[in-house]
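Colleague: Here it is: the structure, laid out below.
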Ligand code: ATP
């Protein structure tokens, strides 16, 4: 059974909506499509698989533990002076529209930051944003800014040259960087630059998860809309209350809670 996917490209999906693993299979289609379009590197497929495995352990839903990280992240982003959303191939494949919506609620800054950076991939990513007319209009009106393509002239210290390239107006000068699906090295390098790093990573054991200021252990397409919802809500709150939310958050504690949650879930699982 075929049906139309409801994304902007009106792509035909071969996954029946009634399939019990519909959402997961649709995400798989999206990453494969991004690979075909030259947006995603092959290694991005294995990174996706690792995420899927952890999502099984978590139960494929946003836990209350992740919700605490989401709220702390929203508060941190609203308080930030120069927040930047870093995106890579996997993020674009799965959550391009959701990222655009979040950026619009902030200062509009989205920076392309690729592990496997090639000119061709950069061009393909630019095309993926511009061929969506709604996004193109937002780029033209400066509601969102796509950085890191022609302006990645600065270098993150202690990272090899290609992976460390960033934009002066973007990640280089940011105080808070949201890095969905990032690798540990870069997260650590950004923290060492004095930045607050918010990561989204289904693996609570990854170096990214452990090095970040705040780690959201949740699936990207589930948590970005929630993050946007809380950003909208928190923009109406006073700064002191937001600072309280951030100050009361402890990332190590949150990761421990998540590991306990997974462990208890597995111990008490009904396999019938
Ligand atoms: P690290 O270098 O931080 O130890 P890593 O080697 O796993 O971790 P990557 O290979 O860059 O780093 O993997 C990216 C991470 O993204 C993986 O840990 C995976 O769990 C996570 N991930 C993959 N898909 C998703 C998704 N859809 N939502 C959230 N996280 C995801």
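Glycine is no exception: its Cβ is also placed from the backbone N, Cα and C atoms.
What TrEMBL says about a protein is an automatic prediction, not a curated fact.
Sequence annotations record features per position, and here TrEMBL assigns ATP binding site to 28, 50, 201, 202, 203, 207, 208.
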Colleague: Using a 10 Å radius around each Cβ and counting other Cβ atoms from all shown chains, which of the binding-site residues 203, 208 yields the largest count?
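Modeller: Result for the most crowded candidate: 208.
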Colleague: Taking ligand 1 as the reference and 6 angstroms as the Cβ limit (strictly under), which binding-site residues among 28, 202, 208 are close?
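Modeller: By the Cβ criterion, which requires under 6 Å to ligand 1, the hits are 202, 208.
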Colleague: Sorted by position, what residues of the same chain at least six away from residue 207 (ATP binding site) have a C-beta under 8 A from it?
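Modeller: Sequence-distant Cβ neighbours: 183, 184, 185, 187, 188.
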Colleague: Does DSSP give residue 202 (ATP binding site) helix, strand or coil?
Modeller: coil
Colleague: Rounding to the nearest whole angstrom, report the longest C-alpha distance spanning 28, 50, 201, 202, 203, 207, 208, listed for ATP.
Modeller: 24
